[in-house]
Amino acid sequence: MNLRRRFTRTLPLAPAVVLILLFLAGPIAYCVYIAFTDLQLTGQAHASFVGFANFRHAFEDDAFLNAVWLTLVFTVLSSLVGQNTLGLALAALMKRASKPVRTLTGGIVVTAWVLPEVVAGFLLYAFFRREGTLNAILGLLHLPRENWLFTLPVLAVSFANVWRGTAFSMLVYSAALDEIPSEISEAAEVDGAGGWRRMWHITLPMIRRSIGTNLMLNTLQTLSVFGLIWVMTRGGPGNKSQTLPLFMYEQAFQNSMIGYGTAVALLLLLVGSLFSVVYLRLLRTEV
Amino acid sequence: MARSRASGRFAADVSLLLLAVAFALPLAWVVLSSVDPHAGLRVRVPDGLTLDNFDAILTPDITYTPLLNSLILCGGATALTVVCAALAAYPLSRFRSRLNRPFLLTILFATSLPITAIMVPVYALFVRVNLIDALQGTILFFAASQLPFAIWLMKNFMDGVPKELEEAAWTDGASSLQSLVRIVLPLMGPGLAVVTVFSFVMMWGNFFVPFMLLLTPDQMPASVSINDFFGNRGTVAYGQLAAFSVIYSTPVILLYVLVARRLGGGFALGGAVKG
């Protein structure tokens with residue numbers, strides 16, 4: 001193929017590549033650079049290079065370690081356990097349920113997913129407030145009420161993330177379950193395997209690739225949740241629900257330490273890339 | 001066995017309905033409160049129906065301007081995304097090249113990066129190049145952040161259009177661009193709709209990007225301006241907040257329904273998860 005032809009064929013890629021390089025790759029490269037400087041929001045003419053000081057500072061900073069811990073709790077609770085398990089349960093139940101129930105439930109769960117992030121935040125804020133719906137229900141059942149957003153904020157935002165994000169897992173698993181040939185589970189049923197055993201020995205091994213990709217995507221999605229937590233708790237009270245994105249924001253803007261905030265962002269990006277690479281490997285054979 | 005299957009269906013129906021109620025409670029709050037004259041934080045049947053909440057917020061200040069801003073921001077960014085993604089997907093789908101695979105892998109990798117993480121450096125960068133508080137800057141960033149996934153989806157849909165249909169046009173002397181616009185894109189209408197709607201819905205709901213990159217209140221899209229219901233207005237008028245939420249959420253839900261119907265539910269997931 002001659003050069004000119006190759007050039008005209010590649011040309012349509014140019015606008016997309018330019019945009020991505022300028023506005024996505026550029027900021028990431030800039031991120032790597034300023035994470036090693038003491039850049040601040042105001043006053044300073046130019047920042048100076050400080051090496052690994054921001055990272056050393058991070059690992060000695062209790063507030064950072066707290067954010068790492070909360071991010072871990074938030075991710076494990078809401079994505080690995082909540083969205084994933086509930087999504088699978090919904091998908092499995094839907095296979096057996098009658099059509100109107102299936103349509104209704106699917107519609108409601110998906111609506112929660114399609115809703116704008118901030119609206120979802122407000123709905124769950126109202127739900128968990130002291131005078132909100134959850135406490136009203138607990139009161140009706142004569143169960144102890146709690147000021148959820150104050151005493152157990154991580155739990156509240158994790159539930160919110162489950163409410164909002166489960167639809168994705170549900171759709172992924174519904175598609176995966178539909179691909180299992182019905183003869184296989186029928187044969188197992190004839191051989192006398194009960195529901196749980198069929199799930200454990202047949203269904204789960206057959207959809208393990210979907211489980212892998214779903215876990216990866218859920219985790220990546222959950223790592224970058226900002227608006228939902230911001231609306232519900234602002235990371236508080238104190239920093240009891242301050243996950244890494246909120247910590248990053250606070251350091252960079254409330255404390256105007258852009259360099260430090262960016263170092264945190266870079267760590268978040270590294271963790272994300274790691275998951276991203278694993279995700280690519282899971283898909284490797286198909287690309 | 002027929003009997004155990006019937007009881008299995010019953011059990012499944014009951015469990016699903018319970019879960020549906022749990023998921024529906026927060027949604028019920030927003031719908032009921034929006035027409036409740038005395039809305040609070042709890043789900044309850046209103047003691048009278050009123051449209052006062054809607055009346056109160058349907059002003060240029062509270063509703064029309066933010067929604068128009070959202071429309072300009074997301075519409076502009078979606079148009080840019082779709083055009084760039086369609087152009088980029090074409091050579092990736094039609095011509096063999098050693099670069100295709102590495103390019104697609106990079107795109108897929110970028111698709112799953114946590115964009116939230118780079119908002120602080122993006123802010124710092126935008127301050128330097130004077131794009132802070134500029135709608136066009138936010139539009140460009142929105143488009144760039146959506147592009148990897150859009151290209152990936154678009155390429156997968158384009159692969160479904162048989163190449164033979166274009167070959168006739170090529171022999172008649174049509175250029176690649178002509179065959180893309182006249183033949184390929186019309187044939188992948190539903191795919192094009194999915195990419196467009198998906199990009200639009202993602203940006204419509206995005207809070208962090210405009211929250212960081214825009215400063216002037218009358219430029220704010222609805223995702224950020226909704227915060228004004230708290231803050232400086234003293235006590236929160238929950239009924240009005242709910243009414244605003246309903247108006248702000250309706251377009252994306254309608255768009256989703258429109259596309260999901262056509263594609264049988266799976267929406268954009270096919271492209272994302274199956275690879």
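Here the Cβ of each residue, glycine as well, is placed from N, Cα and C on the backbone.
Per TrEMBL, the feature transmembrane segment maps to A:12-36 (among others).
The transmembrane segment annotation in TrEMBL covers A:67-92 (among others).
Per TrEMBL, domain 'ABC transmembrane type-1' is recorded for A:69-279.
Taken from TrEMBL, the feature transmembrane segment applies to A:104-128 (among others). Sequence-distant neighbours of the transmembrane segment (A:104-128) (same chain, 6+ residues past either end, Cβ-Cβ under 8 Å): 90, 94, 97, 134, 148-149, 156, 159-160, 163-168, 170-171, 227-232.
For the transmembrane segment (A:148-173), the list of distant contacts is 70, 73-74, 77-79, 82-84, 86-88, 90-92, 94, 106, 109-110, 112-115, 117, 120-121, 124-125, 128-130, 134-135, 207, 210, 213-214, 217-218, 221-222, 225, 228-229, 232-233, 236-237, 240-241: same-chain residues at least six beyond its ends, Cβ to Cβ under 8 Å. Feature annotation from TrEMBL assigns transmembrane segment to A:148-173 (among others).
Annotation comment: TrEMBL describes A:215-237 (among others) as transmembrane segment.
The feature transmembrane segment is assigned by TrEMBL to A:257-280 (among others).
Among residues of the same chain six or more beyond the transmembrane segment (A:257-280), those with a C-beta under 8 A of the stretch's C-beta atoms are 28, 31-32, 34-41, 47, 50, 54-55, 57-58, 64, 67, 213, 216-217, 219-220, 223-224, 244-245, 247-251, 287.
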